[in-house]
Amino acid sequence: MPVVISEKQFNDAHQAFKLHDKKDEGAVSNKELTNLFKSLALHVSDDKLQQWVDEMDEDATGVIRWEKFKILFERKVQEDEDERELRSAFRVLDKNNQGVIDVEDLRWILKSLGDDLNDDEIQDMINETDTDGSGTVDYEEFSALMLG
């Protein structure tokens, strides 16, 4: 579900952006982005950050302007919310609180999603998800399945 980012969150992000805009040019160096996200209590992996820089810094200027950072900020907040919701769903399905869900519960979930999957398609998804063949799915496997 899309996250609604409050005006305060945008203002906080903009203030943080300005603090990291060392030359007061309305832009932050690509190298400074990690610190900028950290200052907003958001963790972005180096690989993800590089992917975003490649996408947003189309002209290879070495900087990201506020308009582009705002897009990245929204994306990161949405990703974090999606992760929270996914973890919450996993905890509900982890009936024994052991960090795994049974593949039969996963089968039920996949049928319930209403994606018109037939039994063979569901079994293929389970086989791809339960990579270690344990008959259970841990959070990493579940996340990979649900987030694609």
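Using N, Cα and C of the backbone, Cβ positions are placed for all residues, glycine too.
Worth saying up front: this structure is predicted, and the values here are computed from it rather than measured.
Copied over from Swiss-Prot:
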- D130, D132, S134, T136, E141: Ca(2+) binding site (BINDING)
- 8-43: domain 'EF-hand 1' (DOMAIN)
- 44-79: domain 'EF-hand 2' (DOMAIN)
- 81-116: domain 'EF-hand 3' (DOMAIN)
- 117-148: domain 'EF-hand 4' (DOMAIN)
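Annotated features, which come from Swiss-Prot, shown on the structure.
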residue : record              : DSSP (3 states)
D130    : Ca(2+) binding site : coil
T136    : Ca(2+) binding site : strand
E141    : Ca(2+) binding site : helix
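Cβ contacts within 10 Å of D130 (Ca(2+) binding site), excluding its own Cβ and spanning all protein chains shown: 18. Annotation for S134 (Ca(2+) binding site): same-chain Cβ neighbours under 8 Å, separated by at least 6 residues, are V100. Nonlocal intrachain contacts for the domain 'EF-hand 2' (44-79), taken as residues 6+ away from its ends with a CB within less than 8 angstroms of a stretch CB, comprise 2-3, 5, 9-10, 13-14, 17, 25-30, 33-34, 36-37. Cβ neighbour density within 10 Å is lowest for D132 among the binding-site residues D132, E141.
Same-chain residues at least 6 positions away in sequence with a Cβ under 8 Å from that of T136 (Ca(2+) binding site) are, in sequence order, V100, I101, D102, V103, D130. Cβ atoms within 8 Å of the centroid of the Cβ atoms of D130, D132, S134, T136, E141 (the Ca(2+) site) belong to the same-chain residues V100, V103, T129, T131, G133, G135, V137, D138, site residues excluded. Assigned with DSSP, the residues of the domain 'EF-hand 1' (8-43) fall into helix, strand and coil as follows: 23 helix, 3 strand, 10 coil.
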